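What Swiss-Prot says about this protein:
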COMPBIAS  112-136  compositional bias 'Basic and acidic residues'
DOMAIN    149-250  domain 'tRNA-binding'
MOD_RES   Ala2  N-acetylalanine
MOD_RES   Ser138  phosphoserine
REGION    6-46  region 'Required for fibroblast proliferation'
REGION    54-192  region 'Interaction with HSP90B1'
REGION    92-147  region 'Disordered'
REGION    101-115  region 'Required for endothelial cell death'
REGION    115-190  region 'Required for endothelial cell migration'
Amino acid sequence: MATNDAVLKRLEQKGAEADQIIEYLKQQVALLKEKAILQATMREEKKLRVENAKLKKEIEELKQELILAEIHNGVEQVRVRLSTPLQTNCTASESVVQSPSVATTASPATKEQIKAGEEKKVKEKTEKKGEKKEKQQSAAASTDSKPIDASRLDLRIGCIVTAKKHPDADSLYVEEVDVGEAAPRTVVSGLVNHVPLEQMQNRMVVLLCNLKPAKMRGVLSQAMVMCASSPEKVEILAPPNGSVPGDRITFDAFPGEPDKELNPKKKIWEQIQPDLHTNAECVATYKGAPFEVKGKGVCRAQTMANSGIK
């Protein structure tokens, strides 16, 4: 009977993990769809810009042809301004002869001005695009240049205000956790088989706050409760005495500011997590550096030494 219970518990845990994987895959598919739509839109925009440029060029050429045709037919070009006023003793025939002459000499200049103006606009647009692209590349480079270590994690002290069973999953709790923000965060944890519900209430915990929010069986989870973990046992990490919600956990050997949100595509959490362990004194560490709340102490597991943390 005990064996059946253990198998059932493992199956429920595997089910919860499978749900997380499915939700993650759904998010990746949605991102790929958005990227494909964006690329198609950009291609269409580029095509339309090329067509617009061709149309503008054709319009200007037709304008010049119209001006020349009017000149040949003796139509005076009203918009052409003469550099010197006509003498009053000019005959009508002289005026007709002079007007085409002036218009003919002015039209190439007008064409060059229009062409120069369009070239200037194209150049300005190209420069603006170049500047924007450089800024985007610079921002991406600054993020990529940050070392992949525990300083990227937004680890904070939280207090579980309420905890209850997930309505659609027997192995999951749904908690409302105070992390020092204006409103509590909703957190879904697979701790039903390891921590009694009454021990979850008003409990101080360590939270990872910058994972991308993900739905777990229909409930959006906005953080993760950090635990010492092994295949047989799980213990919630305990903050040092005197900690309050919102206190930041730092690592002396790994200074730096945490990411606003860990990029799931870059697998930052997945690269850091294998180096999170409790030491022989049950203190939570990253590559030997303790989880520390400045001026208050370190975080630790109750009994689990030399265990992984997740």
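Glycine is treated like the rest: Cβ placed from N, Cα and C.
Away from its own ends, the region 'Required for fibroblast proliferation' (6-46) comes close to residues 169-172, 190, 193, 212, 214-217, 264-265 of its chain (Cβ-Cβ under 8 Å, at least six residues beyond either end). Computed over the domain 'tRNA-binding' (149-250), the whole-number mean pLDDT of the model equals 96.
Within the region 'Required for fibroblast proliferation' (6-46), the DSSP-based counts of helix, strand and coil residues read 41 helix, 0 strand, 0 coil. Taking DSSP states H, G and I as helix and E and B as strand, the domain 'tRNA-binding' (149-250) has 7 helix, 49 strand, 46 coil.
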